[in-house]
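**Q** Please see the structure below; I have some questions.
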Amino acid sequence: MNRLSWPQVRSALPGAFRKLDPRELLGSPVLLIVEIGAVASTVLAVADPSVFAATIVVWLWATVLFATLAESIAESRGKAQASSLRATQTQTTARRVDAPVETTRYTGNLLSLPTVEVASSSLAVGDVVVVRAGEVIPGDGDVIEGAASVDESAITGESAPVIRESGGDRSAVTGGTVVLSDTVVVRITAAAGSTFVDRMISLVEGSERQRTPNEIALNILLTSLTIIFLLAVVTLQPFAVYSGSRQSLLVLTALLVCLIPTTIGALLSAIGIAGMDRLVQRNVLAMSGRAVEAAGDVDVLLLDKTGTITYGNRQASDLLVAPGATIADLASAARLASLADETPEGRSVVTLVDESYAEHVATSTDDDTVVELVPFSASTRMSGIDVRDVSTQVSTSGGVPQTSIRKGAASAVRAWVHSTGGSTPDQVQTLVDGVSASGGTPLVVARQAGAGPAQVLGVIHLKDVVKTGLRERFDELRAMGIRTVMVTGDNAITARAIAEEAGVDDVLAEATPEDKLALIRREQEGGHLVAMCGDGTNDAPALAQADVGVAMNTGTSAAKEAGNMVDLDSDPTKLIEVVQIGKQLLITRGALTTFSIANDIAKYFAILPAMFMVVFPQLEVLNVMRLSSPESAIVSAVVFNALIIVVLIPLSLKGVAYRPASASTMLRRNLLVYGLGGLVAPFLGIKLIDLLASLLPGIG
Ligand SMILES: Nc1ncnc2c1ncn2[C@@H]1O[C@H](COP(=O)(O)OP(=O)(O)OP(=O)(O)O)[C@@H](O)[C@H]1O
Ligand SMILES: [K+]
Ligand SMILES: [Mg+2]
């Protein structure tokens, strides 16, 4: 929104007139005072008509209208976007699973369950639906079975399809997007009416816009200034009467409007709306204005590793056998421990074994076994399986020969092996360190047969790829004064290898969800403003605690729900733009406040001499502008005061240019430019308008 076009202004005009309703202006006392002044002047002008009075009345109304126009223009882009989003909310038919689905995790073949067709609007939270290729996903939810490529362009504008799959951190799907291939089973997480798209719509429309703490503080300042000037103008009259130059109410109103901070009062709300809009243009949805402002002051950024710094497509690529074990042992155990592991990592282990180690694995299934699944969790950092052979069962409980297999983070599996009385050979640690040093994630596999000590069988090498171009972007963040810290559940060596490759400043390895949360609290207690980028359910507490929590759109519903921003492009370095936009918002508001207040000072020099020149000819020295007549001086000041709002609308929408620099440098520079500019501009502007106004009969 760099330049204002006439059609844009014209389409915003009806809205601007609607906003003239005094009830709409209650939130902005400065504008309310101007409107009351305009009404009073209109009455006075009707009672005692003159060209001078009529001109003042017209321009006082113009002042209020320009202010409401600024807000209306700022809102116009969002309105257009909202209507295109509404188009995605068409009613569809959903295939709802017509049987109870108990667990939130893997449950077996849900596809075989009976389904009924229902309207998408009747879906409730917890319902499970089946979506086939070519069908529209009927509501927001998490994929609980299957994997599919999904076209999310209706929401993200990105035409390349994305993968959504069960179990991992890429499970969330959005209603209104389209499944391109395969079939997925989705558990609905949002009721119709409170979906992601609903939130997006109310966000871009600004219907949920609440004033931020900074905005409220500034409004209080502006209101105080207004009251001070109101008192000053009111007490001016007794002096004027005493000195024999009683002032007309019209002139006093004009003086008041010129002195109160109308410029920033008029543009304040447009600046805020434009800031949110700039984020939306970058595909970032900010659920709170407070978060956008906080982003401007963020100095620590925490990033999850998998899915945030890396592409998050962690795939098993190799099996490394431990001393004393065989490849057959390792391949079979790894496969068994992954059969029920519904994470993408788990599925990739099965794929690797089936594709590259099939000859080593005995595929015969034993009907006499009872299998108990041990699902992966972020706090145990292990997954696996317990197998009991019921054919040799002696009693119903206890005494049953049991085989347990665990795979997971080296430290977690070492602790498990240790608890059974076993130990981890040094060579295994060497294998683990080797995988880690390459930036891979090692999963150690161990097996316990019967009640004996568990034996380490080997290591699975999970490979992941660091997203490209991160290093330069993290350098940029550093230049902005932001420290980047990678927090990961992975081991220290892997963490360091990836951190090195991506170019982050710091790492916290082997972090549980609680550790991530604690780290944020610690930083906040140290006076830092913390941003967090994450995608997983295990990142949710941290995303909620962070001052700016940016959830990746690829992530889970829980993560998107917890954060206060969602990046539709799932790009962690988008935070650079978010920070820039936040800073720009704060700077723009500061700059225009400075300009507005400096501006008003210059108007003293136009109006006060004009009012009192007759009785105090000494005031002539203040009349530095050499304005043609007292009436012309007052009219020029009022006209300038109104026009400066229009002149500054594009800047308040576009924002003041931001360059990476320290806050104090920026502040000094802005005070100079906007303070000085604010002082000088009215002298030139008012003089110019005076030259034109003096041509009008009855004024000049
Ligand atoms: N399916 C799985 N089975 C067993 N262990 C796993 C599995 N997936 C991951 N792990 C182990 O658990 C650790 C933590 O995994 P998780 O991905 O939840 O961590 P995280 O905190 O989200 O960190 P990040 O996403 O940055 O890697 C991994 O580093 C890995 O060692
Ligand atoms: K003013
Ligand atoms: Mg994660």
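A Cβ is built for glycine as well, from the same backbone N, Cα and C atoms used for every other residue.
Marked as active site, 4-aspartylphosphate intermediate by TrEMBL: Asp304. Taken from TrEMBL, the feature ATP binding site applies to Asp341, Glu345, Phe376, Ser377, Ala378, Ser379, Thr380, Arg381, Met382, Ser383, Lys407. What TrEMBL lists as Mg(2+) binding site is Asp535, Asp539. Per TrEMBL, domain 'P-type ATPase A' is recorded for 115-205. As annotated by TrEMBL, transmembrane segment applies to 25-45, 51-70, 216-237, 249-273, 601-621, 633-651, 671-696.
Buried or exposed, and what's around them? Tell me for each listed feature.
**A** Under the three-state DSSP scheme, Asp304 (active site, 4-aspartylphosphate intermediate) falls in the strand class. There are 29 other CB atoms within 10 A of the CB of Asp304 (active site, 4-aspartylphosphate intermediate), with all protein chains counted.
Around Lys407 (ATP binding site), the C-beta neighbours below 8 angstroms that are at least 6 residues distant in the chain are Ala333, Ala334, Ala337, Ser338, Val349, Met382, Ser383, Gly384, Val413, Leu443, Val444, Val445, Ala446, Ile460.
Proximity of Asp535 (Mg(2+) binding site) to non-local residues of its own chain (separation of 6 or more, Cβ distance below 8 Å) is seen for Asp169, Arg170, Asp304, Gly307, Thr308, Gly312, Ala551, Met552, Thr554, Gly555, Thr556, Ala559, Ser570, given in sequence order.
Within the chain carrying the transmembrane segment (216-237), a Cβ under 8 angstroms from the stretch's Cβ atoms is held by residues 27-30, 33, 246-247, 252, 255-256, 259-261, 264-265, 268, 589, 593, 597, all 6 or more beyond its ends.
Tertiary neighbourhood of the transmembrane segment (633-651): same-chain residues 1-4, 52, 55-56, 59-60, 62-63, 66-67, 69-70, 73, 251, 254-255, 257-258, 262-263, 266-267, 270, 588, 592, 595, 599, 603, 606-607, 609-611, 625, 627, 681-682, 685-687, 689-690, 693, 699, selected by CB-CB distance under 8 Å and a gap of 6+ residues from either end.
Tertiary proximity for the transmembrane segment (671-696) is limited to same-chain residues at least six positions away from its ends with a CB under 8 Å from its CB atoms, namely 51, 55, 591-592, 594-599, 601-603, 605-606, 624-629, 632-633, 635-637, 639-640, 643-644.
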**Q** Rounded to a whole angstrom, what is the C-alpha distance between Ala378 (ATP binding site) and Asp539 (Mg(2+) binding site)?
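**A** Approximately 10 Å lies between the Cα of Ala378 (ATP binding site) and that of Asp539 (Mg(2+) binding site).
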**Q** Can you count helix, strand and coil residues in the domain 'P-type ATPase A' (115-205) using DSSP?
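**A** For that range the per-state counts are 17 helix, 35 strand, 39 coil.
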**Q** Please list, in sequence order, those recorded positions from Asp304, Phe376, Ala378, Lys407, Asp535 with the Cβ less than 6 Å from ligand 1.
**A** Asp304, Phe376, Ala378, Lys407
**Q** Suppose we screen the recorded positions Asp304, Asp341, Ala378, Thr380, Met382 by Cβ distance to ligand 3 with a cut-off under 6 Å; which survive, in sequence order?
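**A** Within range of ligand 3: Asp304.
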**Q** Looking at Cβ-Cβ distances, which residues of the chain lie under 8 angstroms from Thr380 (ATP binding site) while being 6 or more apart from it?
**A** Gly408, Ala412
**Q** Can you tell me the CA-to-CA distance separating Asp341 (ATP binding site) and Asp539 (Mg(2+) binding site), as a whole number of Å?
**A** 20
**Q** For the C-alpha pair, I'd like the distance in angstrom between Phe376 (ATP binding site) and Asp539 (Mg(2+) binding site), rounded off.
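**A** If we compare the Cα positions of Phe376 (ATP binding site) and Asp539 (Mg(2+) binding site), the gap is 15 Å.
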**Q** By a simple count of other Cβ atoms within 10 Å, which of Ala378, Met382, the binding-site residues in the record, is least packed?
**A** Ala378
